[in-house]
Amino acid sequence: MEGPRGWLVLCVLAISLASMVTEDLCRAPDGKKGEAGRPGRRGRPGLKGEQGEPGAPGIRTGIQGLKGDQGEPGPSGNPGKVGYPGPSGPLGARGIPGIKGTKGSPGNIKDQPRPAFSAIRRNPPMGGNVVIFDTVITNQEEPYQNHSGRFVCTVPGYYYFTFQVLSQWEICLSIVSSSRGQVRRSLGFCDTTNKGLFQVVSGGMVLQLQQGDQVWVEKDPKKGHIYQGSEADSVFSGFLIFPSA
């Protein structure tokens, strides 16, 4: 067994030594490059690379496309601030009449103010154009001032005033009123006689008055002689018809 194995080793060493000697003593030149081989099979796809940086915008050369379909409504935003009030709208249609209310409690006429007065001339002061009826007959609520001859309104409403004045001469009288200091001549009455007989000049009217308004009788400076005697009297009266609403 050892004989053949030893011979085999010796043969291999001899061949190797011979090759080394041959290479050192006689080296042949390199041959020409061979022809390119056929392309190999396509390799497997490589791994996906990382995302690159965004490129520069391209030049827009295409035609704008058609408008797309309307998208879905977005979520509701936060409530806005309260705006300014808008202009008033047109007047609406008249509503249906409401149900009749319950009957109220009966009123008491005694609780209502009822200003009224009557005054005559007995010993009036001389001078001036205001006809002063100095003697009071009735003065409910005391609206009449006998020292000045003026009625002063304390309850706004509609009033009736009247006068009857005795004279033997030509006479002209007027019912005069004032409101907030503005005097206005309301209505005038005149009568004439040439025989010196007694005559009565009378007049009356309805006035709407506010609180503080005044009413009086005034004579014409040239035609204002009033008879003064005990056998006949001149009278000035007034009263509230109904108060203002």
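In case you wondered, yes, glycine gets a Cβ from its N, Cα and C as well.
On a predicted model such as this, the values are computed, not experimentally measured, just so you know.
What Swiss-Prot records for 1-22 is signal peptide, and it gives experimental evidence as the kind of evidence.
Taken from Swiss-Prot, the feature compositional bias 'Basic and acidic residues' covers 27-38.
Look at Swiss-Prot and you will find 27-114 tagged as region 'Disordered'.
The feature 5-hydroxylysine is assigned by Swiss-Prot to Lys33 (among others), with experimental evidence given as support. For Lys33 (5-hydroxylysine), applying a Cβ distance below 8 Å and a minimum sequence separation of six or more within one chain yields no residues.
Taking Cβ-Cβ distances under 8 Å and a sequence separation of 6 or more, Pro39 (4-hydroxyproline) has no neighbours in its chain. Annotation source Swiss-Prot lists 4-hydroxyproline at Pro39 (among others).
What Swiss-Prot records for Pro45 (among others) is 4-hydroxyproline, and it gives experimental evidence as the kind of evidence. Under the DSSP three-state reduction, Pro45 (4-hydroxyproline) is assigned to coil, being neither helix nor strand.
Listed in sequence order, the residues of the same chain lying 6 or more apart from Lys48 (5-hydroxylysine) and placing their CB within less than 8 Å of its CB: none are present. Among the features that Swiss-Prot reports, 5-hydroxylysine is placed at Lys48 (among others), with the record citing experimental evidence.
According to Swiss-Prot, the feature 4-hydroxyproline maps to Pro54 (among others), an assignment based on experimental evidence. For the recorded site, Pro54 (4-hydroxyproline), the DSSP three-state label reads coil. For Pro54 (4-hydroxyproline), no same-chain residue that is 6 or more apart in sequence has a Cβ closer than 8 Å to its Cβ.
For Pro57 (among others), the entry in Swiss-Prot reads 4-hydroxyproline. Its Cβ placed at the centre, Pro57 (4-hydroxyproline) has 6 other Cβ atoms within 10 Å.
According to DSSP, Lys67 (5-hydroxylysine) is assigned to coil rather than to any helix or strand. Contacts of Lys67 (5-hydroxylysine) defined by a Cβ separation under 8 A and a same-chain sequence distance of 6+ are given as none. Here Swiss-Prot flags Lys67 (among others) as 5-hydroxylysine, drawing on experimental evidence.
Under DSSP, Pro73 (4-hydroxyproline) is assigned to coil, being neither helix nor strand in the three-state scheme. Residues annotated as 4-hydroxyproline in Swiss-Prot, with experimental evidence given as evidence: Pro73 (among others).
Sequence-distant contacts (6 or more apart, same chain, Cβ under 8 Å) of Pro79 (4-hydroxyproline) do not exist in this structure. According to Swiss-Prot, the 4-hydroxyproline annotation covers Pro79 (among others), on the basis of experimental evidence.
DSSP assigns Pro85 (4-hydroxyproline) to coil, not to a helix or a strand. According to Swiss-Prot, the 4-hydroxyproline annotation covers Pro85 (among others).
Sequence-distant neighbours of Lys100 (5-hydroxylysine) (same chain, 6+ residues apart, CB-CB distance under 8 A): none. DSSP assigns Lys100 (5-hydroxylysine) to coil, not to a helix or a strand. Annotated 5-hydroxylysine per Swiss-Prot: Lys100 (among others), in sequence order.
Residues or ranges marked as domain 'C1q' in Swiss-Prot (evidence: sequence analysis): 110-245. DSSP places the residues of the domain 'C1q' (110-245) in helix, strand and coil in these numbers: 2 helix, 78 strand, 56 coil.
Annotation comment: Swiss-Prot describes Cys172-Cys190 as disulfide bond. Take the CB of Cys172 (disulfide bond) and look out to 10 A: across all protein chains shown you find 17 other CB atoms.
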Collapsed DSSP category at Pro79 (4-hydroxyproline): coil
Pairwise Cα distance for Cys190 (disulfide bond)/Pro45 (4-hydroxyproline) [Å, integer]: 132
Reduced DSSP assignment, Lys33 (5-hydroxylysine): coil
Cα-Cα distance linking Pro73 (4-hydroxyproline) and Cys172 (disulfide bond), given in Å to the nearest integer: 90
Rounded inter-Cα distance in Å - Pro45 (4-hydroxyproline), Pro73 (4-hydroxyproline): 44
